[in-house]
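S.K.: The structure is given below, and queries will be raised subsequently.
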């Protein structure tokens, strides 16, 4: 049995996450009272006719505060039944959440006559703290549209060929902000920038002319070797510590050239020595 617990602040994309999981064969329950989590797991184990039942539940601020505060012990109870259980926590910055509520005109579950929307969003963080602290995977949706979020969930949760730590090597551009869910961040903005070559500007690190230009730069090769040596040594230690997900982010200015090139090379090299290595380019349209 596999159980995925989806949580996060209102407006972060939980409904989209459940939709993706349902489309991929999961039996989904929205707004499950957290106190029922062990009972749900027990019943799914006993009564299901499926060899590998897939269940996803959403647990969020609509729960009783007393249930949310007990989440650590409830999760421990579920995992004691030898159930594969992943906790997915979605979030976005407060400005983005405020904008999303303004656009949809939906009421925040914690807002009332004495509490503004901004205060409700802040209070929600405290309520969901016990879940966020135990999340196996955190996805920040600030810069993701609906389709990018769906693709990210499928990539990180559903496309693992084998059990074990899932590694994501991700390129990004600093001008759009660092990925807040990254475990390791490497800044490669000091390297020669193909952007300043007019014939390369419109291309990306996936294109052969850009790759050839960067491969010819000694500093780029030195940077690649240093990052690869570090990852080759230390990523197995992350896996040995029972980490479910590890994100390695490579950043340049715009996220189109240098970071993309290095991310591709590192991903391909790591796939030869580690299981479950995926590659993603955040800022390529």
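The backbone N, Cα and C atoms fix where each Cβ goes, glycine too.
In case it's useful when we look at the structure, here is the feature table from Swiss-Prot:
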BINDING   8, 9, 10, 11, 12, 13, 14, 15  ATP binding site
BINDING   60, 61, 62, 63  GTP binding site
S.K.: When you rank 60, 61, 62, 63 by Cα distance to residue 13 (ATP binding site), which of the binding-site residues ends up on top as the closest?
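M.R.: When the Cα distances are compared, 60 comes out closest.
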S.K.: Using the Cβ centroid of 8, 9, 10, 11, 12, 13, 14, 15 as the reference point for the ATP site, which residues of the same chain not in that list have Cβ within 8 Å?
M.R.: 60, 90, 91, 92, 97, 141
S.K.: List the residues in the vicinity of the GTP site, defined as same-chain residues other than 60, 61, 62, 63 with C-beta within 8 angstroms of the site's C-beta centre.
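M.R.: So the extra residues in range turn out to be 31, 59, 68, 109, 127, 128.
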S.K.: Looking at the binding-site residues listed here (60, 61, 62, 63), whose Cα lies nearest to that of residue 15 (ATP binding site)?
M.R.: 60
S.K.: Rounded to the nearest Å, what's the C-alpha distance separating residue 61 (GTP binding site) and residue 10 (ATP binding site)? Just drop the number here, would you?
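M.R.: Given the Cα positions, residue 61 (GTP binding site) is 8 Å from residue 10 (ATP binding site).
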S.K.: What is the interatomic distance between the Cα atoms of residue 14 (ATP binding site) and residue 63 (GTP binding site), given in whole Å?
M.R.: 15
S.K.: Counting distance between Cα atoms, which of the binding-site residues 60, 62, 63 is nearest residue 12 (ATP binding site)?
M.R.: 60
S.K.: Validating a neighbour-count step here. Other CB atoms within 10 A of the CB of residue 9 (ATP binding site): how many?
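M.R.: Residue 9 (ATP binding site): 26 neighbouring Cβ atoms within 10 Å.
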S.K.: Look at each of the binding-site residues, 14, 62, and point out the one with the fewest other Cβ atoms around it within 10 Å.
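M.R.: Comparing Cβ neighbour counts within 10 Å for the binding-site residues 14, 62 gives 62.
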S.K.: Could you tell me the C-alpha distance between residue 60 (GTP binding site) and residue 8 (ATP binding site) in angstrom, no decimals?
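M.R.: One finds 6 Å between the Cα atoms of these residues.
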